[in-house]
Amino acid sequence: MQPQEVDLMENSTMRNGARVLPPEAISKRHIGPYIIRETLGEGSFGKVKLATHYKTQQKVALKFISRQLLKKSDMHMRVEREISYLKLLRHPHIIKLYDVITTPTDIVMVIEYAGGELFDYIVEKKRMTEDEGRRFFQQIICAIEYCHRHKIVHRDLKPENLLLDDNLNVKIADFGLSNIMTDGNFLKTSCGSPNYAAPEVINGKLYAGPEVDVWSCGIVLYVMLVGRLPFDDEFIPNLFKKVNSCVYVMPDFLSPGAQSLIRRMIVADPMQRITIQEIRRDPWFNVNLPDYLRPMEEVQGSYADSRIVSKLGEAMGFSEDYIVEALRSDENNEVKEAYNLLHENQVIQEKSHLSKSKRVDSFLSVSPPAFSEYTSELQKKSKQELIDPTLEGPRWTVSDPPTYAKQTIDSNICVLVPTAEKNKLEMRTLADAASAVDTSQSTRKKSRRNKWHFGVRCRGDAPEILLAVYRALQRAGAQFTVPKPVNGKYRSDMYTIKSRWEIPHCKREGKNTYAYIELQLYEVMPGCFMLDVKSNGYKDIYSHPERTADHGMDDLKSSFPFLDLCAMLVCKLFSA
């Protein structure tokens, strides 16, 4: 039975950026104005279904996320925050999140539908010409650059996650929820797809960052142009050895430009690997680069654009007065970040209208585009050292301020916090942390360009380092459990510390809010360790147990308490 010819969204309400539908707008066969056609797949937290708009017949994908399973996994607050952010991402080569609908049982993400996969296209074509492969590669790199600029790293790029629309344009998928929920502890349990994963990821030494996406893009480019994987073995340990050795065959039929670019991307040492910005300047990459994908100049606005403020309020559930007040604040906040994102989206949209490329003029829509009978001929074809103080215990070092600093969110993607580079969005907490050390050495001339570095580096014995970390946590007011030996032996994961920290300004009568963090100590090389801090979300602890069942989605959590704790922890480590 098809929904009646009425506005099924008329009685819906908005809560924290998600649309709440009345019961009459939900059934087994439709969700609001979308008629469910078939199930496309099933994951750990629900199904993905194909649906069409009942008026326009436009296809969309509905991703169902079970609220009960989210509550059991203690992930729902992070999911809500991530959804509200992802709704703002608009790029012609990233799958769009059109809307979020909540029902009593599920969170339903309405996302752009793209029916093809680059994987299937490669299988059918065997290998592509350089012009064809370069076109796909340009779209992938520009989309990845857009996400890195807005603090999102994919970390699981592979042809299966690179979808193709009817016009054979790339649409990068799985930037968000499915990966957040299924990956848990990324470095402990998974390395994404082994054939496309960088050596630092499969070895579990460091938290994955932008260099990982560059490696994966290099593998994808190789596969498109050569028709096979550079590293492949059915026996996983052998595959890991091949990836770590970084020895692969470069075919003679590739042009010198393509060979040079691939060799600079597929480099085992992430410090020596080419960056996205360097790829952007590569001559081979820039051949026939469409106008809408060319780098744009930053536009510094002196006032708040009312159109952007309105969109921001709708997407994040904030009042316009609150948004304007946040924008006027001298301190950085999530509203400013989201505003900058929407502002860039607007600039991209204006550029896209001037492009000669087909079908790039509607990618910023906040709802599925109207049905079009347009058919392209293409669819008919086969498809980052400041100081090194000597402490009584281990020696700690903080890396030079990189292009970005990292905040992880227990997922296949990670959210990054930008530095003050180009006067953009300087984080006060990071500045406070930097002021705790002697910055006189930070201005020394570096022999190497800025890179991505994560965590806090230290030298010494692992037990001494762990003791220093526990002491720093104690001085910071965090709570933790000290590991105790069982039958004279310590648990195997003693290098992982789980802790929580009460957020002072979130304290209310009968309720305390805690930020949960996880610290992991990695051995980068003999005698050299890296301490990584990961956010495990936030949780409200009630003084009245019966209130714990009230676990709704009304409180929107920010990442700033986690960042404050990170800055405090670094200061305590250096003041030890």
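Each residue, glycine too, has its Cβ placed from N, Cα and C.
Worth saying up front: this structure is predicted, and the values here are computed from it rather than measured.
Looking up the ranges 7-63, 292-348, 349-405, 406-462 in Swiss-Prot, the one annotated as region 'Auto-inhibitory domain (AID)' turns out to be 292-348. Per Swiss-Prot, the phosphothreonine annotation among the candidates T189, T496, T548 falls on T189.
In this structure, the C-alpha atom of L40 (ATP binding site) lies 20 angstrom from that of D156 (active site, proton acceptor). The distance from the Cα of E42 (ATP binding site) to the Cα of D156 (active site, proton acceptor) comes to 19 Å. It is 19 Å from the Cα atom of V48 (ATP binding site) to that of D156 (active site, proton acceptor).
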